[in-house]
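According to Swiss-Prot, the protein carries these features:
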type	residues	note
BINDING	Gly6, Met7, Ser8, Gly9, Ser10, Gly11, Lys12, Ser13	ATP binding site
BINDING	Asp55, Val56, Arg57, Ser58	GTP binding site
Amino acid sequence: MVLITGMSGSGKSVALHALEDAGYYCVDNLPPELLTPFVALEHQHGPRKVAIAMDVRSATSLPLVPQQLRQLQAQGVTVQSLFLDANTETLVRRFSETRRLHPLSRGDTADQHRALVDAIELERELLGDMREQSHVLDTSMIRASQLQAYVKSLIAAPAPQLTLVFESFAFKRGVPLDADYVFDVRMLPNPHYEPDLRHLTGCDLAVADYLKAHAEVNDMFRDIEKFLDHWLQALVRDHRSYVTVAIGCTGGQHRSVYLVEKLAESFGRQWPTLKRHRELDAG
């Protein structure tokens, strides 16, 4: 079973459609009180893949969900909980473009922009506990098609194992909201200042050759690798399904991309591993 919650405007419907395309039986806006009975009813008809979406309109009942999920897991149900998020600026823009009213917004307020921002911040507060107990997906800078592909890749990972997600990003565009660990690599030599490398990315061999020729780059890779090696088993014992490791540099094009590629290759030999290049994927 996949449970999708998150901020209004973050792409929950897009994620649910992706799961429907992947063969899941999908239910939108299921009241939290019906979660356990619904799953039990589904299992009477034989095991099948189920995806359920809940939103802030069920906020008063959402505190019931974590206990229900634990009960389902104790009964042998495989549960994946995803929380979709985006920064406030992005959510405001999306609501403005679609001219939709936020579920918590007051329509009788003169300053509609302020009312929308207040509604978003209230929603963050109401959904805080669910966010803490779920794998967070930051949709601020990805298109609907990219979100669909990413959701499908997440659910395709072996459920009983910890899945590592390595993500490159540019600090100038903000730290990803879904990051569990953030490593700053802006102190490393920057290929941007090499005319022959500026237009390339960390996926290109010439950039990789340039970076691995510097001892500090190799030291950074080994330090991150050692840190993760030390703590991954503790995360498994904590019943984590996903861990997102974000690597940031100035532009999100060279250094962070190179290290994400290298880390994904290294850890992919032992763990289910996914990788994202936020700035490159954004085009």
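Cβ atoms are placed via backbone N, Cα and C, with glycine included.
Remember, predicted model here, so these are calculated numbers, not experimental data.
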Could you check which of these binding-site residues, Asp55, Val56, Arg57, Ser58, sit within 10 Å of Lys12 (ATP binding site), going Cα to Cα?
Asp55
My understanding is the cutoff is Cβ-Cβ under 8 Å with a sequence separation of 6 or more in the same chain; which residues meet that for Asp55 (GTP binding site)?
Thr5, Gly6, Ser8, Lys12, Asn29, Pro103
Could you tell me which of these binding-site residues, Lys12, Arg57, has the fewest other Cβ atoms within 10 Å of its Cβ?
Arg57
Looking only at C-alpha atoms, tell me how far Arg57 (GTP binding site) is from Ser10 (ATP binding site), rounded to the nearest Å.
15
Enumerate the residues of the same chain, Gly6, Met7, Ser8, Gly9, Ser10, Gly11, Lys12, Ser13 excluded, that satisfy the criterion Cβ within 8 A of the mean position of the Cβ atoms of the recorded ATP site; list them in sequence order.
Asp55, Leu84, Ala86, Thr139
Can you check which residues sit near Ser10 (ATP binding site), meaning Cβ under 8 Å from its Cβ, same chain, 6 or more apart in sequence, and list them in order?
Leu84, Asp85, Ala86, Leu91, Thr139
Same chain, 6+ residues apart, C-beta under 8 Å of the C-beta of Ser13 (ATP binding site), given in sequence order:
Asp28, Ala53
For the binding-site residues Met7, Val56, which one has the sparsest Cβ surroundings, going by other Cβ atoms within 10 Å?
Val56
Determine which residues of the same chain, besides Asp55, Val56, Arg57, Ser58, have their CB within 8 A of the center of the CB atoms at the recorded GTP site, and list them by sequence.
Asn29, Met54, Ala59, Leu62, Pro103
Have a look at the binding-site residues Met7, Gly9, Gly11 and say which one has the shortest Cα distance to Val56 (GTP binding site).
Met7
Tell me the coarse DSSP state (helix, strand, coil) of Gly6 (ATP binding site).
strand
DSSP three-state call for Gly11 (ATP binding site): helix, strand or coil?
coil
As a test of the contact definition, list every same-chain residue at least 6 positions from Ser58 (GTP binding site) whose Cβ is closer than 8 Å to its Cβ.
Asn29, Pro31, Pro32
What three-state secondary structure does DSSP assign to Arg57 (GTP binding site)?
helix
